[in-house]
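> Below is a structure I'd like to ask you about.
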Amino acid sequence: MLMLNKTNWTPASFILNGVPGLEDMHLWISFPFCSMYAVAMVGNCGLLYLIQLEDSLHRPMYYFLAMLSLTDIVMCSSTIPKALSIFWCHLKEIGFDECLVQMFFVHTFTGMESGVLMLMALDHYVAICYPLRYSTILTNPVIAKVGLATFLRGVFLIIPFTFLTKRLPYCRGNIIPHTYCDHMSVAKLSCGNIKVNVIYGLMVALLIGGFDILCITVSYTMILRAVVSLSSADARQKAFSTCTAHICAIVFSYSPAFFSFFSHRFGGHTIPPSCHIIVANIYLLLPPTMNPIVYGVKTKQIRDCVIRIFSGSKDIKSHSI
């Protein structure tokens with residue numbers, strides 16, 4: 001009878017242990033985390049304000065950029081404040097249902113990040129390969145529909161994570177060696193069968209990440225073919241420069257994800273757990289931090305709008321990228 005109660009036990013709360021093995025360094029680790037989070041919030045909120053304010057930025061590319069900024073804000077805000085409370089105040093406890101909610105937001109909006117990058121690749125493909133039909137293909141209703149579809153894809157694919165995790169019996173303690181509630185980090189505390197969780201997690205990774213990477217690869221293959229066929233060197237250079245910021249965003253987003261994915265499966269015994277945890281946090285912090293910087297530097301139209309706002313000038317002309 002005692003074993004039955006223990007097997008069916010669901011903890012009232014979990015303990016997020018931060019970065020295992022580096023507990024003495026938590027205060028120092030918090031400084032880059034806090035700095036990156038501040039830059040991410042200021043940069044992405046600034047981009048959203050700029051896109052809403054400037055009529056010249058009311059174009060499909062910038063609507064997708066607004067989606068990316070909003071996604072980045074939610075993605076890093078769902079984890080970093082709690083991580084900082086662990087580092088600064090040792091507030092490690094998180095309620096069971098609160099943990100499931102955090103898990104849902106983390107995985108939904110990382111999937112949304114990938115989906116928006118895929119939509120931006122398709123936007124570049126249409127702009128370069130079908131410039132005369134660009135405004136008729138990517139109308140505002142179409143942008144709203146594909147954005148909503150990308151969000152709903154993440155929601156409906158991630159919701160089962162919460163039910164699969166909630167059904168498990170937890171009798172291996174309640175200490176999570178992480179700064180936030182990751183699906184597999186929580187599931188590994190269960191003494192039940194987590195095979196379904198593992199299989200479904202891989203399936204979702206393929207349905208979201210695999211599909212998006214395939215679409216991005218196909219889009220840029222078609223873009224490269226179209227650009228190479230241009231006769232003018234200036235036209236080729238302009239087309240390539242149009243994609244620079246987006247390529248940087250892809251690198252910042254997928255590089256930590258690939259490292260985390262492959263290191264967990266092929267380097268689990270050689271790479272220390274602290275490295276996995278830090279990379280997992282970088283995956284949630286690096287894209288939100290760098291995306292507004294890259295787009296602010298690489299996009300001339302955004303630069304001109306920023307200069308106009310801060311200088312108060314009315315005669316600075318907006319230019320396309």
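From the backbone N, Cα and C atoms, a Cβ is placed for every residue, glycine too.
Quick paste from TrEMBL:
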- 27-50: transmembrane segment (TRANSMEM)
- 43-295: domain 'G-protein coupled receptors family 1 profile' (DOMAIN)
- 62-80: transmembrane segment (TRANSMEM)
- 100-122: transmembrane segment (TRANSMEM)
- 142-164: transmembrane segment (TRANSMEM)
- 198-227: transmembrane segment (TRANSMEM)
- 239-262: transmembrane segment (TRANSMEM)
> May I ask for the residues of the chain that lie six or more residues beyond the transmembrane segment (27-50) and have a Cβ under 8 Å from a Cβ within it?
19, 57, 65-66, 69-70, 72-73, 76-77, 80-81, 83-84, 87-88, 278, 281, 285-286, 288-289, 291-293, 295-296, 302, 305-306, 309
> Could you tell me what the rest of the chain brings near the transmembrane segment (100-122), counting residues at least six beyond its ends with Cβ under 8 Å?
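Distal contacts: 61, 64-65, 67-68, 71-72, 74-75, 78-79, 82, 94, 146-147, 150-151, 153-155, 157-159, 161-162, 165-166, 180-183, 186, 204, 208-209, 211-212, 215-216, 219-220, 246, 249-250, 253-254, 257, 283-284, 287.
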> Counting only residues 6+ away from its ends, which parts of the chain sit with a Cβ under 8 Å from the transmembrane segment (62-80)?
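Those are 33-34, 37, 40-41, 44-45, 47-48, 51-52, 102, 105-106, 109-110, 112-113, 116-117, 119-120, 123, 140, 143, 147, 150, 179-180, 249, 281, 284-285, 287-288, 291-292, 295, in sequence order.
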> Tell me, roughly as an integer, the mean pLDDT over the domain 'G-protein coupled receptors family 1 profile' (43-295).
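Averaged over the domain 'G-protein coupled receptors family 1 profile' (43-295), per-residue pLDDT gives 89.
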